[in-house]
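The feature disulfide bond is assigned by Swiss-Prot to Cys42-Cys110, with sequence analysis given as support. Per Swiss-Prot, domain 'Ig-like' is recorded for 22-114, and the stated evidence type is sequence analysis. The annotation N-linked glycosylation site is assigned in Swiss-Prot to Asn96 on the grounds of sequence analysis. Positions annotated as signal peptide by Swiss-Prot, on the basis of sequence analysis: 1-21.
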Amino acid sequence: MGFRLLCCVAFCLLGAGPVDSGVTQTPKHLITATGQRVTLRCSPRSGDLSVYWYQQSLDQGLQFLIHYYNGEERAKGNILERFSAQQFPDLHSELNLSSLELGDSALYFCASSV
């Protein structure tokens, strides 16, 4: 019985082009098997206190997941219970995706602002 592969691709929302946004998202690309857990990390540009996470599945628009400001959750969108996020004292944020399913294949974006 083969493993079905799940493709979770992570790109930086503002850093995809030649302009240096200062936002760093890692990993940039990720392929993993269903059932696994992955962590996506976002380091905002210097001075930015807000971090936003978005998901874009195939043939769908950008879906807001969650917003943090200065370490506190400020707004929650359509985020699955299997997904969680947090913002740390140094203001970087992590999006944790657990028990991955084929339907979780998407682009995951982070953005930051003052």
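Glycine is treated like the rest: Cβ placed from N, Cα and C.
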PLDDT averaged over every residue in the domain 'Ig-like' (22-114): 96
Distance, Cys42 (disulfide bond) to the residue listed as 'N-linked glycosylation site' (CA atoms, angstrom): 11
The domain 'Ig-like' (22-114), counted residue by residue under DSSP: helix, strand, coil: 3 helix, 51 strand, 39 coil
